[in-house]
Amino acid sequence: MSTFLLTWIIMTVALSVTLFLMPQQTNAARAFFVFGDSLVDSGNNNYLVTTARADSPPYGIDYPTGRPTGRFSNGLNLPDIISEQIGSEPTLPILSPELTGEKLLIGANFASAGIGILNDTGVQFLNILRIGRQFELFQEYQERVSEIIGSDKTQQLVNGALVLMTLGGNDFVNNYFFPISTRRRQSSLGEFSQLLISEYKKILTSLYELGARRVMVTGTGPLGCVPAELASSGSVNGECAPEAQQAAAIFNPLLVQMLQGLNREIGSDVFIGANAFNTNADFINNPQRFGFVTSKVACCGQGAYNGQGVCTPLSTLCSDRNAYAFWDPFHPTEKATRLIVQQIMTGSVEYMNPMNLSTIMALDSRI
């Protein structure tokens, strides 16, 4: 055998072994499913007859395409950045006609701006995907995937997936605190919060029954500190609206208790609590520390704190989005969202309970 041929055989075998041992990122990457409201909607409302939409400029001004996508952000949103951090492609909206074939195996985004825990939250936005409908679409998704890879592998894909659930803020902002609110006349803030937690537990139990086994559940941020609440409460010096802050202070601890109780009932840490209040409060309370000029005024909007109405092509628009913690009256900029994801990935129990996402990924990789 010639030296050349022997060398060629050795190199070929070595390359084959190397390729065999290399992690197969595309096949091994876990699916990612997203449920919730405008904080995580990646464009489903574009396909609906609704007033809750972000499909016109200047939304998306800093997105890679420079165009609005339906994300309530100047650029990437929370699911995008989580996907980026875990080495996965961004999930497509479940209503997108592009979500077909192998793209289904990456996961899907079911979120819809305007929805809440309660079905009467967001009625002013007309046609939105309420959480029950999101779950129906999740069932239909699983049927579609089963046609591609079979039912057993579909169950494995869903069981092994990472799931993000973001609900609750709209139930306060666009229901309880909404002008002429029936809910507010019927119950105290504490009673309403208890109702939300009771209904949320039913929602998360249904999600578990649909196959979810790793679910990150975000609480509400500092509701009284968003520009919309500063404007509507008549804040003079940027003080957060006290009643909305009280709502978050009541709701979030109840949510943690409920998640811990659910995990005990199941016998496993299925539900991971992400403390959205703390992750947001860090840069809201000390914006300069994180490179922001302001955490009170929205980049895009009008009126006091740019917090009145919604962001439109006619709104006042800041020139440097990285100097602002809030993009519009309700939603953070991409830069602020990256700070939130940083704590989701590596934060202490002050931010993630009982563990952060990096720890989850490391533990699950050993299974």
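Heads up, the Cβ atoms here are built off N, Cα and C, so glycines get one too.
Since the structure is predicted, the reported quantities are computational estimates derived from the model, not experimental observations.
Features as listed in Swiss-Prot:
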type: SIGNAL; residues: 1-28; note: signal peptide
type: ACT_SITE; residues: SER38; note: active site, nucleophile
type: CARBOHYD; residues: ASN119; note: N-linked glycosylation site
type: ACT_SITE; residues: ASP328; note: active site
type: ACT_SITE; residues: HIS331; note: active site
type: CARBOHYD; residues: ASN356; note: N-linked glycosylation site
So how many other Cβ atoms are close to ASN356 (N-linked glycosylation site), meaning within 10 Å of its Cβ?
22
Using a 10 Å cut-off on CB atoms, tell me which of the recorded positions SER38, ASN119 is the least crowded.
ASN119
Drop a 10 Å sphere on every Cβ of the active-site residues ASP328, HIS331 and tell me which sphere holds the fewest other Cβ atoms.
HIS331
ASN119 (N-linked glycosylation site) versus HIS331 (active site) - Cα distance in angstrom
22
Going by Cα-Cα distance, which of the recorded positions (SER38, ASN119, ASP328) sits nearest to ASN356 (N-linked glycosylation site)?
SER38
ASP328 (active site) to SER38 (active site, nucleophile) - Cα separation in whole Å
12
Roughly how many Å lie between the Cα atoms of SER38 (active site, nucleophile) and ASN119 (N-linked glycosylation site), rounded to a whole value?
16
